[in-house]
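Asker: Pulled these features from TrEMBL for this protein:
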type	residues	note
TRANSMEM	A:6-27	transmembrane segment
TRANSMEM	A:34-54	transmembrane segment
TRANSMEM	A:60-83	transmembrane segment
TRANSMEM	A:95-114	transmembrane segment
TRANSMEM	A:134-159	transmembrane segment
TRANSMEM	A:188-208	transmembrane segment
TRANSMEM	A:214-232	transmembrane segment
Amino acid sequence: MDRLAFLLATGLARGLVIALFALSLVIIWRAARIVNFAQAAMATVAVYVAYAVVTWTGSYWLALVAAVVTGMLVGFAVERWLIRRVPRDNPLPGMIVAIGLVMILHSVIGILFGPRHVPMRAPFSREPLYVGDVAVLSPYDLFVLLLALGIVVALAVLFNRTTLGLQLRAAATAPEVSRLLGIRVPRMVTIGWMLSSAVAAVAVLLLIPTELGLNAHSADILFVHAFTVAVLGGLDSPVGAIVGGVAVGVLITLVTGFLGAGMAPIAVLALLTLVLLVRPGGIFAVKEARAA
Amino acid sequence: MTADARAAEAVTSHGTTPAMLAVEGLVVGYSGAPVIDGMQLRLPPGQVVALLGANGAGKTTLLRTVSGLVAPRSGRVRLDGEDVTQTTVEDRARRGLAQVPEGHSIVTELTVDENLHLGGLWRLPGTKARRAAVDEMYQTFEPLARRRASLGHQLSGGERQMLALARALIARPRVLLLDEPSLGLAPRVVAQLFAILRDAAERTGLTVLLAEQNVTSALSIADRGVVVSLGAIVADAPAEKIAADPALRHAYLGF
Ligand SMILES: Nc1ncnc2c1ncn2[C@@H]1O[C@H](COP(=O)(O)OP(=O)(O)OP(=O)(O)O)[C@@H](O)[C@H]1O
Ligand SMILES: [Mg+2]
């Protein structure tokens, strides 16, 4: 029982990181109808900048800000100077360009930093806290949990309670009608990329202290998990991304804890297959066909 | 201006009164031959014009060119005298050109309330002004008030078209383009929508270009009728005259 409580709490923290990354994929999908295969590589670039900032200034908080700002800049650059020039009539060119971008970013990181894992320390202890003599979760896990929840709430407020959010949602689902109402749709798409890429950068920054360290490929598995989650939840559904992310995070932690780490990928795959068999569009997929 | 005066002016619409909306020497085409070939049209402020013509005559193409969704090969579009041919769709909308495009063109993933707010976003600065305008619209369109929290895709066809019209009117546009708003609606709903349209034109001096297959209903609220065929204007006269001309109806309107 004690072990279960610990695994559930850690799984929740891990799940929220996956949820954040999945949410970032949903934001881009909704804004631009693209599954951004370069999301992990782009976020990793932002986290390298954060790493440079933390080694230089010693402040984790400045590094966090750097990750967000760089994430936004990378999102802006990729959308304006790359994706916008790709033909949009079918999804293939966009995907190929994204995969090409991954290769370029990985090479650049490799040239600048080499293949080694650079360690990045957590801002809080990763030793579990005890309630009585039951280990619950570490201060770092608690920090991850609170920050991830904070970001989710902030995004929900942005999208649902502000006029920018209203424009973002309208532009994503009905671009032509939105333009007729005076909304600058291309600008909304750029903002979507910037938001998405910043959220992904934070997710990767939160992930690194729990991994071997920072490396060009550090976020690859996170991308796979988040992509699974986004498909599970329905690429259109922010709620699906969050619920799915937490579910997969808890599943991985439980399976790793009770059956061994080798079983975790199989469990995730089994879950994906099962959901796709039952609900091909994803659990939270919107049933209604969208208007032009 | 009385309806009669407006109708009289319609006949002489190539005169000196400044046009609220004008197209000059407009040529539009997709790939082959032009669909609209050298069209001239002037709408004085406050006039309601029914744009009639058979399927494929070029009505939708004209409206989409005026709003900027389609770029013309040559010619000009003027809004209140200003040449807007080179401006974007968004800019024209912000200057007070509203379009209710073909079909029930609402944002189906947003609620009725959100759709209405969206309509006022650029023309009514400030949340308070928008809230007030939205509430005013609920009085005009009562069925919408009951459904304010419903998502767009939960609405019936009639409710969607009502919402599309309300959303266009909320922006207090100077020119309103409508593309077959009566399509698929019960006659009673059509009458209701057209009455609201006529009333808005009368109260606010809104200029309306209304493309319709429902000739009788459209002419009943219009000051003037313009009939297009193969991308050219073949008749331009006061609405009553068009309605009363059997030869015209037979040749171009198919009844
Ligand atoms: N996107 C397009 N690409 C190519 N040709 C088009 C396109 N849209 C319209 N056309 C052609 O342009 C001509 C005029 O079409 P348009 O839609 O403007 O007519 P309409 O008067 O609105 O007809 P309807 O009453 O059926 O709506 C038609 O011959 C049509 O086939
Ligand atoms: Mg048409």
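Every residue, even glycine, has its Cβ placed from backbone N, Cα and C.
Help me see these features in their spatial surroundings.
Answerer: Tertiary neighbourhood of the transmembrane segment (A:60-83): same-chain residues 32, 34, 38, 42-43, 45-47, 49-54, 94, 97-98, 101, 123, 189-190, 193-202, 204-205, selected by CB-CB distance under 8 Å and a gap of 6+ residues from either end.
Sequence-distant contacts of the transmembrane segment (A:95-114) (same chain, six or more residues past either end, CB-CB distance under 8 Å): 34-38, 40-42, 44-45, 48, 78, 82-83, 86, 216-217.
Beyond the transmembrane segment (A:134-159), the same-chain residues lying 6 or more positions past its ends with a Cβ under 8 Å from any Cβ of the stretch are 2, 5-6, 9-10, 12-13, 16-17, 19-20, 23, 27, 122-128, 165, 168-169, 195, 199, 202-203, 206, 209-210, 238, 242.
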Asker: Take the transmembrane segment (A:214-232) and find every residue of the same chain, 6 or more past its ends, with a Cβ under 8 Å from one of its Cβ atoms.
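Answerer: Here the qualifying positions are 17-19, 21-22, 24-26, 29, 35, 39-41, 43-44, 47-48, 51, 105-106, 109-110, 113, 115-120, 203-204, 207-208, 240-241, 244-245, 247-249, 252, 268, 271-272, 275-276, 282-283.
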Asker: How about long-range neighbours of the transmembrane segment (A:34-54): same chain, 6 or more residues beyond its ends, C-beta under 8 Å?
Answerer: 21, 24-25, 28, 60, 62-64, 66-68, 70-71, 74-75, 78, 83, 91, 94-95, 98-99, 101-102, 105-106, 108-109, 112-113, 118, 120, 196-198, 200-201, 203-205, 208, 214, 216, 218-220, 222-223, 227, 230, 235
